[in-house]
Amino acid sequence: MVFLLFLHICQGRTEVDFFSVVSGLFFGDSPEAQVIQFVRLPRAVIAVISGAALGVSGALLQTITRNSLASPTTLGINAGAYFALTVSAIAFPGKLSPIIVTFVGGLLTAILVYTIAGATQINPLRLTLSGIAVSLALSAFTAALQLLFENETTGLFFWGAGSLSQVDWNSSIYAAPKVILAVIIALWIAKALDILLLGEDVARSLGQKVQQTRLITTITAVFLAAVAVSVVGSIGFVGLVAPHLIRLLGYRSHFLLIPGSAIWGAIILLGADIVAQTLTTNLSELPTGSITALIGAPFLIILARSSQQTSKSRSSNQFSFRSNSLDFSLIFFGLSVALCVFLFIGLSWGNLSLNLGQIISTLTGGGNALSQRVIWQLRLPRLLVGMFAGASLGVSGLLLQGVVRNSLAGPEIVGITSGAGLGALLMLVIFPEAPVEMIPLAAFGGAIAAFGTVYLFAWQNGISPTRLALVGVAMSAFCAAGINILVVFSKLRVAQALVWLSGSTYARSWEELGRLIIFPLILLPLAAIVARWLDLMALGEDLPRSLGLSLQKARGIAIAIAVALAAAAVSTVGTVSFVGLIAPHTARLLIGYHHRQLVPITALLGAILVTLADTIGRVILAPKEIPSGLVTAIIGTPYFLWLLLPQGKWAFLPYWKSCKELIFNRR
């Protein structure tokens, strides 16, 4: 670490020779010494402090959840802290302490993720996917705020990707005592954590106050992550990788695991920042958080392939939802009518309001020139694009959830959406003069390449649904890091990049509709055909095999259809989130679990969601437009969380009880 620290100080945009660095560390008033003492050395020190904080935070979270995949990133703590800081910058600029804001945001997010996952018998996939789902929601809200309040959040996009840039010692002085105090607390409870690993019953029999230990550990872990986010932004995967590296050396006792994780965390962040500075140009600085994501994502893939839990788990537990099992024909008719109503509303609302008579007249060849242009060239094509894109994303999510057998799987989770986004942005950056028709093709290629890679790495004597989802999460993080890097290095304005990456039907034309529509028209009927296989898969693996169904072949076909549907949608409208998660959930709530009926109902719900989002985003803050993907996230997140909460809604009570016991000393 000392070598990396010195190497880090030697790096920078200004060339400084070895002897100037050595002399600048201790004395000298030369310009080179000033750069060393007030720019490079503070940056190196903050890397050590933040890396240590994230490493210890990850170690504590992995212990308290008994989940090797837990970290501030995978549990959504970083996303929650970043979202809270964005809200604070808008509502209370400069008035609230960053550490308080990030701590509250991170803690509330951790409680929410734990509550969604359920308080008992949490498996790694369930907890990880719950954290990723919440992170997606918070990231969408954060992006929406950055678009709507661009002036107030200036600089947060780059900083949010993880930036170690320093101009003085203030951040180090601010963070160091807090991190040291938290690490001391972690060492103080180290013995209790060792006992807790033996099991809660054993710990209680040895006089351990289990809930108090869990509460203190959780607060300490979240506090450490919050300190790091408040000074360097959201830096991912350090808390995941560092504890595993020290465990690979054979250390299990928390007296050694905690300081070892701190050291490895510092080494990882120093090394990542060295790489970031090496690749930095005079015009743009590479976010350090993007480099840690590029490092951490492959590590998560390795962890998913080697984990005994993911290897043994051929399927993951689904969430149990109440199903009204209403009449299919009635629901289908009602949703079809609702879709027509929302299409009419979309055609009617806007700067030029049109009534039903004007719309019908225009659609049948009448109307004046203005209404003809507004409907036929502006509103109708974008509404139809949104409708077919929503239907495609919804059914894609349904198929993926059926294959993975987990209700939180979707195009956003398994890398399809982010892969398509990376492919499209690569085309924009590398070939800026390329015709616009090439962007959808690039997005399609990115989605196929991303999921093909996921499938390749998830294959290990067959496809484990659990492993598939975890590798998909890693691929999503990898592609997201690539997107951040491209945004920083490209000439695109951040707002422009956020609009496309958030998903938008803005200015979509009949040509784009023609390129999109062929996929749902062909693939949706195929999805209905393979739906029977998903019904059999839901019963386990032995029964389908006994009936002659090749599970690997069936999964491969279903996944291919899902990938093609999602890639076609993303290549046309961008990375619209949550449709592939929300639409299948709502369909099951309405009619149950028969997949042949779920396919058309899910398609209608996805179409309704994106159509409604397009209209709301277009008119609510006119003339400014909110991307449809952000509107779907804003509409869908509360409903999605409501669907997930009933099973574990009282999961937070043990923490509340232990909090009272800790404060009032009742035990």
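Every residue, even glycine, has its Cβ placed from backbone N, Cα and C.
Note that the structure is predicted; figures quoted are calculated from it, not measured.
Taken from TrEMBL, the feature transmembrane segment covers 41-61, 73-92, 179-198, 254-276, 288-308, 328-349, 383-401, 413-431, 470-492, 554-586, 598-620, 626-645 (among others).
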For the transmembrane segment (179-198), I need the partner stretch with the highest count of C-beta pairs below 8 angstroms, choosing only from 41-61, 328-349, 413-431. 41-61
Report the listed stretch (41-61, 288-308, 383-401) having the maximum count of Cβ pairs within less than 8 Å of the transmembrane segment (254-276). 41-61
Quick check: do the transmembrane segment (470-492) and the transmembrane segment (288-308) share at least 3 Cβ pairs under 8 Å, counting only pairs 6+ apart in sequence? yes
Which residues, given as numbers and ranges, are at least 6 beyond the ends of the transmembrane segment (383-401) yet have a Cβ under 8 Å from it? 339, 343, 346-347, 407-411, 413-414, 416, 505, 508, 512-513, 516-517, 519-520, 523-524, 527, 530, 534, 558-559, 561-563, 565-566, 568-570, 572-573, 576, 579-581, 583-584, 587, 595, 598-599, 602-611, 613-615, 628
Spatial neighbours of the transmembrane segment (41-61) far in sequence, C-beta under 8 Å, 6+ residues away: 1, 5, 8-9, 25, 67, 70-72, 75, 77, 164-169, 171-172, 175-176, 179, 182-183, 186, 193, 217-218, 220-222, 224-225, 227-228, 231-232, 235, 238-243, 246, 254, 257-258, 261-270, 273, 288
Long-range neighbours of the transmembrane segment (288-308), counting only residues six or more past its ends (CB under 8 A): 47, 68-69, 73, 124, 161-164, 232-238, 240-241, 244, 268-269, 272-273, 275-276, 457-458, 460, 467, 470-471, 473-475, 477-478, 480-482, 484-485, 488
